[in-house]
Amino acid sequence: MSQLRLLPSRLGAQAARLLAAHDIPVFGWRSRSSRPPATLPSSKGGGGSSYMEEMYFAWLENPRSVHKSWDSFFRKASEEAFSGSAQPRPPSVVHESRSAVSSRTKTSKLVEDHLAVQSLIRAYQIRGHHVAQLDPLGILDADLDSFVPSDLITTIDKLAFYDLQEADLDKEFQLPTTTFIGGSENTLSLREIIRRLENTYCQHIGLEFMFINDVEQCQWIRQKFETPGVMQFSSEEKRTLLARLVRSMRFEDFLARKWSSEKRFGLEGCEVMIPALKTIIDKSSEMGIENVILGMPHRGRLNVLANVIRKDLEQIFCQFDPKLEAADEGSGDVKYHLGMYHERINRVTNRNITLSLVANPSHLEAVDPVVQGKTKAEQFYRGDAQGKKVMSILVHGDAAFAGQGVVYETFHLSDLPSYTTNGTVHVVVNNQIGFTTDPRMARSSPYPTDVARVVNAPIFHVNADDPEAVIYVCSVAAEWRNTFNKDVVVDLVCYRRRGHNEMDEPMFTQPLMYKQIHRQVPVLKKYADKLIAEGTVTLQEFEEEIAKYDRICEEAYGRSKDKKILHIKHWLDSPWPGFFNVDGEPKSMTCPATGIPEDMLTHIGSVASSVPLEDFKIHTGLSRILRGRADMIKNRTVDWALAEYMAFGSLLKEGIRVRLSGQDVERGTFSHRHHVLHDQEVDRRTCVPMNHLWPDQAPYTVCNSSLSEYGVLGFELGYAMASPNALVLWEAQFGDFHNTAQCIIDQFISTGQAKWVRHNGIVLLLPHGMEGMGPEHSSARPERFLQMSNDDSDAYPAFTKDFEVSQLYDCNWIVVNCSTPANYFHVLRRQILLPFRKPLIIFTPKSLLRHPEAKFSFDQMVSGTSFQRVIPEDGAAARAPEQVRRLIFCTGKVYYDLVKERSSQGLEEKVAITRLEQISPFPFDLIKQEAEKYPGAELAWCQEEHKNMGYYDYISPRFMTILRRARPIWYVGRDPAAAPATGNRNTHLVSLKKFLDTAFNLQAFEGKTF
């Protein structure tokens, strides 16, 4: 049988040769064709998959499942395959056709009719969604494609298109194995075939799945939707659905009555989303899911919090009270952005389930990769490699789903090994409008969901005014995700009963649509009338259900009036229980020394300079690098790459998970890291030495990302949310490219704690340095990060005992520019040893990675050593500070240029150079000490960046606060410019020489006023 599996590649040519000679047309193949086309053509009205292959595999499984003419043909073809005969024998039907012309004609007609029916079935499967009745308003087609399949409109059109006649409607036809409309029946009349196909594909559900290039997956979907009677619900299921609709609609009505002038972005017009989400959760819980992480925009968010996550109603209602003050630190956020974390019993499955709704900004779809990253992390911490315990649900708006590029970026993470969450259920609230924009002006694709086709995700469109259809589709979506570990999209085609918000007037821009909406009967009334008519519920029971929920809301409203303050921490989406306390008491504001024993440094270094696997051949160039590392270990020195290796390795020893992600991070953009070794003789055989340090170490993940900043940084941010006991780093290929992810930086990283009381310890590694490489490979834009830092330039702090750590606790993020590998080592370790978590922004070097002066001794990393916020002058100038004429402050790589120039001019005793390693929060205490140490010296700030960029605008007012404006801080650096760097090498060197000359010209500032 295995040999027969090779036949499909030859079937097209054989069919043409065997049958064309006898005037039996099959698939329109040309008799002169000597080989099959690149893709076997389908029958008329079909799609891209080979119909003949499907028939062939069906015959292999059961010869009686196909028509006898096909049985005969495949038998002859298989005999030829085994015998190797050059002249294939025709099928028996061909022998019979020779005996009589009438028999031949009859057989030809029989085959053609059966092929036509197969084609008709396939056409429905491929294109039935184009004519499905999806719009509750009946205004627009479900899609914006002007193409309407003429073969799927009327019975006459169908028959004519397939060369069938009305007399054929009552003929019985054998059903192919690619459909399940027959149920237990193998044959149906053409009339019944059409009726069942219409019911499956052209009513309130539109299915897009035939583009999926996996027969098993297509068959699974066909069976779920085509099998007769699959959408039958019990009375109890219908009553549950009605009760959920009542809660969804009455919640919105209650808010509208109590706070008619408040923005709440209600769900009216898509109330079915609440039972839809609950169905996905119920079904997933039934299949073993224990943790569901949701991301969604503002539309319907309060309803989801109340009726899906089950947030206490009084806490939601408190958010509408303008008189309540927040009890927590931070600025807070509007109510329809807040998140939530809740563990409860799922009433349907009677199992525990944890639900998280991730807080998000107004920037639509920005939360998508964050949710995926958090989901991936939760799966890791639960040992859930297959995604059977933790899953994500993403809710989208139609305009944003089609319009926001981060949706595409997130989809393309879905099947990458280090980023996959084993499938996400996407729910699109397709209200057919984007604020005021008509969908025909908002996208170029027929559907808002077409972006999902790039990852072969099935798309289930459904009319939101048919609650039972919605619930069934959502149940299937949950099953799909559990079965195939792939994404799936549910497109809820609905409408928006009010404007974009409750104060908005939609009639200005959509008059016809809103005239129809005003006439539209709410879905709750439609469904209640249906159930009452069929006797599932009585009118009295329905009214009692409404009264019951109204009473719940009123009671919660009364309790909300007793609240005196708001607690933002009650809306935390990612709590870290036990992290901020020790034995019930808050952790002290201290940080232990970050150095480690020398034997640990040596051990990590030896692993970093070797290959832990046998028979593993590495590149000769890499062998030189490893030998160089080994030499450094012998000499007790480290460069940048080794310092990073030692920081990571020591944390792994302490049980801290480390994850490094970004473009080309495995090797490193500048070929310095080499954390993944590649066997030069075995394809895709790799080794990560960092995972071979200790038997009981934590795992290390280093993964090259897709070529995305926005999506990947959002993912890593979400990953870091899940646990404080992990060092999660994202490295930009060049620091310049971080601005493609600016939304994540602005809306989540810099402001996340202030808005949502959510700590996060993510680390951003941003290669930065002016080296003549042009305006897009030079600057990580430090000025932008410093502008968003929240420390007060005019407030002179009190230097308490715990000032250093308290200052870190009060800031919104930490910004550093290390000039030594040792300090880089320490700041990475400090990030984990702090008693809290803050984002860490590190401007990392490029040329310093191999700079001979940027190698430092183990002595600066051993036990008892720590991160230096400021590195003072330690040369001749420091030994005679009273003779120093100028004190230059700087940060980062420019220090080495300054030291070289000072040496060349012999000014070591006249000019002191102090390095600012931690820029924000500003080290007021240490800078004050340095300035006072050199009372007779001019003070200057030197930077390689242009004056309107870099650090000067940040440090200058803080120096003035320290110095009480008694001494100026002069600027030394490049002039203001529009672009961050020149692309001309000569211009770069000229400007470098110019500001270095100024830095050491001791008369440069004479006669100038500050």
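Placement of Cβ uses the backbone N, Cα and C atoms for every residue, glycine included.
What Swiss-Prot lists as Ca(2+) binding site is His130, Asp143, Asp145, and the listing cites similarity to another entry. Around His130 (Ca(2+) binding site), taking its Cβ as the centre, 19 other Cβ atoms fall within 10 Å, counting all chains. Reduced to three states, the DSSP call for His130 (Ca(2+) binding site) is helix.
When other Cβ atoms within 10 Å of the Cβ of Arg299 (thiamine diphosphate binding site) are tallied across all protein chains shown, the result is 26. Here Swiss-Prot flags Arg299, Asp398, Asn431, Ile433, Gln663 as thiamine diphosphate binding site, drawing on similarity to another entry.
The Mg(2+) binding site annotation in Swiss-Prot covers Asp398, Asn431, Ile433. In the structure as shown, the Cβ atom of Ile433 (thiamine diphosphate binding site) sits within 10 Å of 22 other Cβ atoms.
Marked as transit peptide by Swiss-Prot on the basis of sequence analysis: 1-73.
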* To do: Tell me whether Gln663 (thiamine diphosphate binding site) sits in a helix, a strand or coil according to DSSP.
  => coil
* **Asp398, Asn431, Ile433 excluded, remaining Cβ within 8 Å of their centroid (Mg(2+))** => Gly397, Ala399, Val429, Asn430, Gln432, Gly434, Pro439, Cys494, Tyr495, Arg496
* Around the Cβ of Gln663 (thiamine diphosphate binding site), the count of other Cβ atoms that are within 10 Å -> 18
* Can you name the residues of this chain that are 6 or more positions from Asn431 (thiamine diphosphate binding site) yet have a C-beta less than 8 Å from its C-beta? -> Gly269, Cys270, Arg299, Gly397, Asp398, Cys494, Tyr495, Arg496
* Asked: Rounded to an integer, what is the Cα-Cα distance in Å between His130 (Ca(2+) binding site) and Ile433 (thiamine diphosphate binding site)?
  -> 19
* Asked: For the thiamine diphosphate site made of Arg299, Asp398, Asn431, Ile433, Gln663, how many Å separate the two farthest Cα atoms?
  -> 37
* Asked: Relative to the Cβ position of Asp398 (thiamine diphosphate binding site), how many further Cβ atoms are located within 10 Å?
  -> 24
